[in-house]
Amino acid sequence: MADKITDEYAVGIDPEIYANNPAYSSLFNPYIHKQTIIADHVSVQCHIDLNGIDAVGSKFGNLNAHAGNFTSLCAPNCLPERFALVAYTVEYAFLHDALNQSGMTSVSTRVSDKAQRKSEVQAKIAAEYLRLDPVFGEWFLNKWQTFTACVKDVRSLEFPSLDDYLEFRIVDAAADWTLYNFRWGSGITLTPEEEKIADPMSYVAYAELCLVNDLFSWDKEYASHIKSNGDVPLVNAVHIVAVTQGLTHCAAKAVVQAEVRAHEERFCQLKEQYEATDKPSHEVLRWLRLLEHSMAGNWVWSLCVPRYCKVDRNPYKDHLEKYGSDAVRVLTPLDRLCWPKQEIKDMKQSELKDPSSSTYKSHFSPLEPNPGPEQMRLTISQTQQQRPVLNPYTYINSLPSKNVRQTLIAALNSWYKVPVKSLLIIEGAVNFLHNSSLLLDDIQDGSFLRRGRPVAHQIFGVGQTINTATYLMNEALYLIQMLSPSAVSVYTEIDEMRNLQLGQGRDLYWSYHTHVPTPAQYISMVDGKTGGLFRLISRLMRSEATKNSDLDISQFATLLGRHFQIRDDYQNLQSEDYTKNKGFCDDLDEGKLSFPIILSMQSPGFSNTALSSVFKGSQKGQTLSLEMKQYMLEEITARGAFSETKAVLRKLHTELLRLLIETEKKAGGVENWALRLLIMKLDIAEEKKVAPPKSDSHWGVNQRRAWKGCQKNGRPIDKACFLRAMEETLQK
């Protein structure tokens, strides 16, 4: 079975690079990707995107002029369509140590140019994973959050033994995160059962990778530790062995080298045992092959790499000089970013203008959205006189939020380059307006929960909450008057503020009178109520722009509002997360005629008598029973309304991507990855259960599994016995 595992894209590297080097003693032969030039290109591209062209090569990652690119060596069978993204991400991870840790989806308007570049690179990576594979992308980004949190915790710990250290190091060094990325890139998919079978072998390989990394990076890390007078901690296997076993660093390095060989030997033994089982999985064998490639690739790459030792020439600067800045930009050119292509090609503009048409029906595999980044807000200076008025605002402002509007402001600033002072004013005004609308919405809708917490008016009273909401509108105007006259006219003379109130009024009228609007009427209401604030944001920023002041994104903002509101309607009735935050189908309690309900009540061949009666009852303040809500969900489902709603969302999602590409071209080709990520995160998916990231305790279990077993003579062994047996073999 193992003989059938082929290397489609991998080729062996020249043995002269490593065969005669005494520092290379791996049991495995190294390979490299046939298209390694792509990995080199995107590695340089990542430097340009992150720090600008003048800073290319100021830090070191993938590139190695001696042996080849790290990603090319460790994932030599990576699929061509995923290769560039995988290599770009690994390059960013290499550079990450020199940056402040944060999640892949962090976006802020109040940052330096350097930090803004970092946010844009993170957004590019996140958006591309979500575009290519929503389920894996969701897992992958969550795993990154685990990694960045772990780095802060682990580096302050002490470890009683090397095994305790390795249990943590796998997470600290992002070994599993990196190898899962390589696995996805190589098109390898394991079932949960196959994952469990492979885990002990995976652990041994991950530990070997960490040990080899520690061996080759030791001299550099120790020098940094001494130079900093101990401020830079020593998180390295050599140091752990020296401390726990009372050895010199030289002797500790020899012990670590023996550990590396022991882990490779154990990997081979476990692999042989698995291959001898009945019907070994082809995917598991492909995974084991990838692990072998990664162990060999990491080792040969480490022999002479700028990250660990001085080199005569800078491979990044040499590559840029040879190929130029245009050639290295191979990751997702503009004409490839809209997905899926065929759907866009076949789409008619008339279909997009009327999302209620039957042509909106389609099948797709969308993505469940992540939580948004932490919002940075402009707050009102609270005098003693203001404090009672602001209590409801302070409360609702403190609740968790997806921060879509904050993210939109940060994303649009990539084009408009609004001065910092004006940007903060716009951000603050929008925050006041948004929270004002939330306070009023909760009262008008009769809501009980907001983001999983009691609504403000239940705590502070209806009268006080209404007063706060109207006060916030005045405060928003007060802020906007600090901007240019054109910005003030956007707020006072253009109809967006009127549209917000008129849209909300129509929504309340329909619910109170149980009047079922047409889908087109509903979307018209959404264009005012939700799209109005998005358009207001874009127009305020455009009025203060120092660049692209003629760039009008009103159509994009309108469609974004439609997508946002219809998605919210769908999630309220279908999402487990919404149930946690707002209660189970609370739109039904409120008697709200949301988009899926409107579609269901206009389905031909069905009587609406029962549904109408339920909605009239809810207007009398009756909270619907669980059984009644389940009945209504069954009715809506049977009429195909949820499927049709998803089809509408799919069309809107695709058109938003098309408009984004069109706008990027109008903005001089400036790619807006933060905006692209926002669109991807607002896409909707089935609530699939994705395996949670594996913790260090998980790898502790697999550490014990890896070293428990039988030698060929049938005697039970553990790691210590295995090391002794290997030493005896070498002595013979």
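Cβ from N, Cα, C; glycine included.
Feature annotation from Swiss-Prot assigns region 'Terpene cyclase' to 1-311; the stated evidence is a curator's inference.
If you take every residue in the motif 'DDXXD 1' (97-101) and average the pLDDT, you get 47. Under the heading motif 'DDXXD 1', Swiss-Prot lists 97-101, citing similarity to another entry as support.
The number of other CB atoms found within 10 A of the CB of D172 (substrate binding site), across every protein chain shown, is 20. Per Swiss-Prot, substrate binding site is recorded for D97, R169, I170, V171, D172, N213, S217, W218, D219, K220, E221, R307, Y308.
Sequence annotations record features per position, and here Swiss-Prot assigns Mg(2+) 2 binding site to D97.
The motif 'NSE/DTE' annotation in Swiss-Prot covers 213-221. Secondary structure of the motif 'NSE/DTE' (213-221), assigned with DSSP and counted as helix (H, G, I), strand (E, B) and coil, comes to 9 helix, 0 strand, 0 coil.
Sequence annotations record features per position, and here Swiss-Prot assigns region 'Prenyltransferase' to 312-732 based on a curator's inference.
Positions annotated as region 'Disordered' by Swiss-Prot: 348-370.
According to Swiss-Prot, the feature isopentenyl diphosphate binding site maps to K402, R405, H434, R451, an assignment based on similarity to another entry.
Secondary structure at D441 (Mg(2+) 4 binding site), as computed by DSSP, is helix. Here D441 (Mg(2+) 4 binding site) comes close to S447, Q504: these same-chain residues lie at least six apart in sequence, with C-beta atoms under 8 angstroms from its C-beta. The Mg(2+) 4 binding site feature in Swiss-Prot is assigned to D441, D445; the stated evidence is similarity to another entry.
Positions annotated as motif 'DDXXD 2' by Swiss-Prot, on the basis of similarity to another entry: 441-445. Remote same-chain residues near the motif 'DDXXD 2' (441-445) are listed as 455-457, 462, 465-466, 504, 508, 511, 590, 592 (criterion: CB distance under 8 Å, separation of at least six residues from the stretch ends).
Summarising the annotation, Swiss-Prot assigns dimethylallyl diphosphate binding site to R450, K529, T530, Q565, N572, K582, K592 and lists similarity to another entry as the type of evidence. In this view, T530 (dimethylallyl diphosphate binding site) is surrounded by 25 other Cβ atoms within 10 Å of its Cβ, with every protein chain counted.
Looking only at Cα atoms, S217 (substrate binding site) sits nearest to K402 among the binding-site residues K402, R405, D445, Q565, K592. Max Cα-Cα distance over the annotated isopentenyl diphosphate binders (K402, R405, H434, R451) is 16 Å. Using Cα positions, the member of the binding-site residues I170, E221, Y308, H434 nearest to K592 (dimethylallyl diphosphate binding site) is identified as H434. Comparing I170 (substrate binding site) with K402 (isopentenyl diphosphate binding site), their Cα atoms are 31 Å apart once rounded.
Among the binding-site residues listed here, namely K402, R405, T530, Q565, N572, K402 has its C-alpha nearest to that of D219 (substrate binding site). Of all the binding-site residues in the record (E221, Y308, K529), the one with the smallest CA separation from R405 (isopentenyl diphosphate binding site) is K529. Of all the binding-site residues listed here (D219, E221, D445), it is D219 whose C-beta has the fewest other C-beta atoms within 10 angstroms.
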